[in-house]
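What follows is a single structure, written as structure tokens, with notes after it.
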Amino acid sequence: MQDGFGEFTASSRALAAGAAAGGDLINQENLDTSNVIDGDANSKSQPAKRTPRPPNAFILYRRAKQPGIIASQRNLTNAEVSRTISDMWRKEPEEIRLEWERYADRKKLEHMQTYPNYVYRPNKNKSKVDKRRQQRKQSTKDST
């Protein structure tokens, strides 16, 4: 692959294949743990930052392709850039998309090592929950 993503192509194929197969082949030296917040005194002075989700294959693909699209066509809006990259993703051959999937698997393993206690817990939209409760109250009042 191109676009400044050379580290992905050569040596990463073997690593990505191992990551996809469940092997523990992540290079420990490449992990950046400097932004991990421990539960020490620093957490009292600063609010705890939200742990990011691991990027999926399309997000990684988009990050690699977006600078090239913007450099070639500066007048595009962000929505147009997203549409263009989405079309490019759909047109990619299956083997290229599989490489990005393997790369995403490696990133997920790195994420698991960096944030061992991470569990994805989406925030429920409180307004929707409140609306449902109000509807239930209304329906019970109406039926009595």
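For all residues, glycine too, the Cβ spot is worked out from N, Cα and C.
Automated prediction, rather than curation, is the source of TrEMBL annotations.
These come from TrEMBL:
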type     : residues : note
REGION   : 34-55    : region 'Disordered'
COMPBIAS : 34-48    : compositional bias 'Polar residues'
DOMAIN   : 51-119   : domain 'HMG box'
DNA_BIND : 51-119   : DNA-binding region
REGION   : 114-144  : region 'Disordered'
COMPBIAS : 123-138  : compositional bias 'Basic residues'
Secondary structure content, the domain 'HMG box' (51-119) (per DSSP, counts of residues): 51 helix, 0 strand, 18 coil
According to DSSP, how is the compositional bias 'Basic residues' (123-138) divided among helix, strand and coil residues? 13 helix, 0 strand, 3 coil
Over the domain 'HMG box' (51-119) the mean pLDDT stands at 95
